Amino acid sequence: MDAMLGSLDACKPACNDVGSLPNGTVSAIQGSHSSSLVTPCDATLGRHLARRLVEIGVTDVFSVPGDFNLTLLDHLIAEPNLNVIGCCNELNAGYAADGYARSRGVGACVVTFTVGGLSVLNAIAGAYSENLPVICIVGGPNTNDYGTNRILHHTIGLPDFTQELRCFQTVTCYQAVVNNLEDAHEMLDTAISTALKESKPVYISISCNLPAIPHPTFSREPVPFSLSPKLSNQMGLEAAVEAAADFLNKAVKPVLVGGPKLRVAKASDAFVELADACGYAFGVMPSAKGLVPENHPHFIGTFWGAVSTSFCAEIVESADAYLFAGPIFNDYSSVGYSLLLKKEKAIIVQPDRVVIGNGPAFGCVLMKDFLKALAKRLKHNNTSYENYYRIFVPDGKPISSEPGAPLRVNILFQHIQNMLSNETAVIAETGDSWFNCQKLKLPKGCGYEFQMQYGSIGWSVGATLGYAQAVPEKRVIACIGDGSFQVTAQDVSTMLRCGQKTIIFLINNGGYTIEVEIHDGPYNVIKNWNYTGLVDAIHNGEGKCWTTKVTCEEELVNAIETATGAKKDCFCFIEVICHKDDTSKELLEWGSRVCAANSRPPNPQ
């Protein structure tokens, strides 16, 4: 994950303490006064919203036009520091805002009332599950239509405008329905600051006849607003550190495991500081891959129960004490609830709470503060890492392919591994790419993202669009299965229009492989497409695009050489033809365990 928040130079703040930075920078949005007054034509709700987005670091907004948001889009486009990117559908616009927020720390999308809002809802739910601050803006009904018992288009035909709002209430942390100008300024500021403070999506509905109207509250540059910093209870922090240090210092072979909530707690640096100080072996849960550096000397890999990277699970599960920082234990991350962990051996550190074994719990303790303070209290103990080093055997290489032999997936990922650097980022789609990408060893500075908690197939196409737009200096490598690609393929068009230089590896194995390994059936087989032909048609001679289809290792090597050489400034689409049963061994193991968990019989009543 890239620790940056937007292009702040655009608004030239007097103080750069801006926003809710991903990796632990404190937070107050301050000091973006300008000496010049805004002209009346700029003193509108639409321009105010645009300036607020720029102020928090959003320089790209992903949108789909509709008659209720057209005037608002006019005013967003008029902001010189804001780029409005039209997407092919609302779902991808939401996924793009999700991917953008993973890199920039906050993202935004704009859709139209109900027909657009309900379409983007799934993407917003995914962002909620992954603790991403996405600002979802909807163009709403004319103010004169509220309370009139009128039936509007784009609705389900009832004179009730709250259907969309009620849906968003379950997947956002704040909702603002702006249908008058008097409190619009306050409502917008509250929504934006809540998204940053809670690191969750928010919903803003703006009546279609308001964006162009000037109002005194918008007559100057936005008055800076502050985010009240979250603070630890000092007595609770000291007590938690005391108890944790006593617990861990008594252990013989303790370990650390980082979880996905390191992101929302902005505690990745503090976690590494703790690992440096204590000398313990440390790993990450699968959905935390990319949140801590894998080139650290005591990093032992991904802890994922039976499908962990080699020798990691053995060290974690045999430890006599383990500290989990920001874990999420669900049926996927626990491999069908099969982890061999004991509560009495565990310290669980959540973003604002610490639980020690079967004993005390300490609330109002921020993870970042706790980990930093604990680092100063632990005795150095590298026993667990020494044990790991004793049993470690380097990974073997896949069996070499015969010339012209059908390409195997393990050969594909061996070559993807060699492409990685600090100038790349990996996006892994839901499916077997989860397991193959987990085994990639990330160089320092290489980005990595996937959506494990929500696991929505097709997420990666939009997320790749958003992530690549947020960090144009990196080359994004997306690994996408054919089934997932069919859900959201359209926004390859937007990648081309934006001039992105992403490399997509489309893994064509004829179906939903991850579902096959959980429970097979004819519904897991999909219609095969000519994927390179499809992308060529979308390209239509406009922009820089290169496609190829590979069936053997020799063709793959040539394709990668071209994509990273002669076509390095192009969008590159490499369709990889694989056998339908060519899967990672981890997926086979994981699928059988998840199947067993899903098929448990009802408990006796």
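Each Cβ is built from the backbone N, Cα and C atoms, and glycine gets one as well.
Where the annotation comes from TrEMBL, it is an automatic prediction and has not been curated.
Summarising the annotation, TrEMBL assigns Mg(2+) binding site to Asp482, Asn509, Gly511. As annotated by TrEMBL, domain 'Thiamine pyrophosphate enzyme N-terminal TPP-binding' applies to 44-149. TrEMBL lists 241-360 with the feature domain 'Thiamine pyrophosphate enzyme central'. According to TrEMBL, the feature domain 'Thiamine pyrophosphate enzyme TPP-binding' maps to 451-576.
Secondary structure of the domain 'Thiamine pyrophosphate enzyme TPP-binding' (451-576) per DSSP, as helix, strand and coil residue counts: 58 helix, 28 strand, 40 coil. Helix, strand and coil counts under DSSP for the domain 'Thiamine pyrophosphate enzyme N-terminal TPP-binding' (44-149) come to 50 helix, 22 strand, 34 coil. In sequence order, Gly481, Asp482, Cys578, His579, Lys580, Asp582 constitute the residues six or more apart from Asn509 (Mg(2+) binding site) in its chain with CB-CB distances below 8 Å. In the predicted model, the domain 'Thiamine pyrophosphate enzyme central' (241-360) has a mean pLDDT of 95.
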